[in-house]
Amino acid sequence: MSEVRVEESTHLDDTDAAAVLALAGRAAETDGVGAVSEAFRLALTSPRASVTHLLAYAGQSGPVGYAARDGAGSAELVVDPASRRHGVGRALLRALLDGGATGVWAHGDLPAARALAASEGLVPTRELHHMSRALSAADREDPPLPEGFSVRPFEPGRDEQAWLEVNGLAFASHPEQGSLTLEDLRDRMGQDWFDPAGFLLVEDTTVSDEDGTHPLAAFHWTKREPGTRPRPGPARDGDEGAGTSGEVYVVGVHPAYQGRGLAGPLTQLGTAHLARQGADTVELYVDGDNPRALATYRRQGFEDATLHVVHGRPPAP
Ligand SMILES: CC(C)(COP(=O)(O)OP(=O)(O)OC[C@H]1O[C@@H](n2cnc3c(N)ncnc32)[C@H](O)[C@@H]1OP(=O)(O)O)[C@@H](O)C(=O)NCCC(=O)NCCS
């Protein structure tokens, strides 16, 4: 293979964006897990000043590898399965680190990623657990909420600012989720899967301002990609979209309302919504350093499915 060349840019044209998506698709098929997560995938077609794209070439053909880095130093990288073990991954990883990346995601914690990262002196610095559990008819019922709280769906045009505020406070120490902006929220609201009926807001009904608005105490945003995973066997009547998997996309509790028994029922509100929509499995992502959330989900029957690891420089001694 010819010498590897890495080109950086903050904007990809349509041809490059399509080539990267195709490459990432081939890799996901080979690896059994996607290497490019949602935030970076959105930045391929809707440019973000904070995201730098790195395309690796070997010879005259299209890209053989892709990497991206955001303003916070988070990065991802993927090499076309047909071009692996020729130094493309190492060249991209070095370019990412030289450009200021502090953490590189290895989705699925694959042996090749572990070996590459270790060979460049990196160590695991963060673990993200992908958990899942099966849903049954018994999950369709909404749980009772603690006294003084009620639930309603997100209303586009009305709830954005309140949600951004609670999200920022609930995820103050979470690198990606806590820094979501109105633009990021609108990007997600513009996706095919977005459904306000599955974006549940829990309000404190014991307090209201002069126009009758209650403070937002917590939220459970569910996500359901239509038609992703057909369930074996015949479809059940009335189960529109049966056989798909749903996701606990983001669950957050305002810090002032933490420790008041909301986490369990809040999780069940979302899983009940997904079950009623016909989803037969529910999945979620949770940080390894969030033992309270891990415990909440394990108590509700979630089990580990895949591990995602961030590799970075070892902390200074
Ligand atoms: C991980 C990945 C990027 C490696 O890309 P690559 O172009 O094949 O890597 P390189 O050829 O530059 O390999 C560099 C070194 O990594 C290690 N390595 C890479 N693949 C390996 C494998 N399958 N088994 C063992 N070691 C491996 C070796 O030390 C290798 O050096 P060597 O070939 O001189 O022995 C690629 O497998 C991939 O795209 N995986 C899916 C996405 C992913 O996991 N990304 C996260 C990266 S941290």
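For all residues, glycine too, the Cβ spot is worked out from N, Cα and C.
Under the heading acetyl-CoA 1 binding site, TrEMBL lists L77, V78, V79. A 10 Å cutoff on Cβ-Cβ distances gives V79 (acetyl-CoA 1 binding site) a total of 27 other Cβ atoms nearby, all chains included. For the recorded site, V79 (acetyl-CoA 1 binding site), the DSSP three-state label reads strand.
Taken from TrEMBL, the feature acetyl-CoA 2 binding site covers V251, G252, V253. DSSP classifies G252 (acetyl-CoA 2 binding site) as strand under the three-state reduction. Long-range neighbours of G252 (acetyl-CoA 2 binding site) (same chain, six or more residues apart, CB within less than 8 Å of its CB): V166, N167, A170, F171, A218, F219.
The compositional bias 'Basic and acidic residues' feature in TrEMBL is assigned to 223-239.
The feature domain 'N-acetyltransferase' is assigned by TrEMBL to 149-317.
Look at TrEMBL and you will find 223-245 tagged as region 'Disordered'.
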Spatial neighbour of V253 (acetyl-CoA 2 binding site) that is closest, considering only the binding-site residues L77, V78, V79 and their CA atoms: L77
Cβ contacts of V78 (acetyl-CoA 1 binding site) (under 8 Å, same chain, 6 or more positions away): L23, A24, A27, A35, V36, G65, Y66, A67
Nonlocal residues around L77 (acetyl-CoA 1 binding site), in sequence order (Cβ under 8 Å, 6 or more apart): A35, L54, G65, Y66, A67, A68, G89, L92, L93, L96, V104
Cβ within 8 Å of the mean position of the Cβ atoms of V251, G252, V253: remaining residues of the chain near acetyl-CoA 2: A170, A218, F219, H220, V250, L262, A263, L266
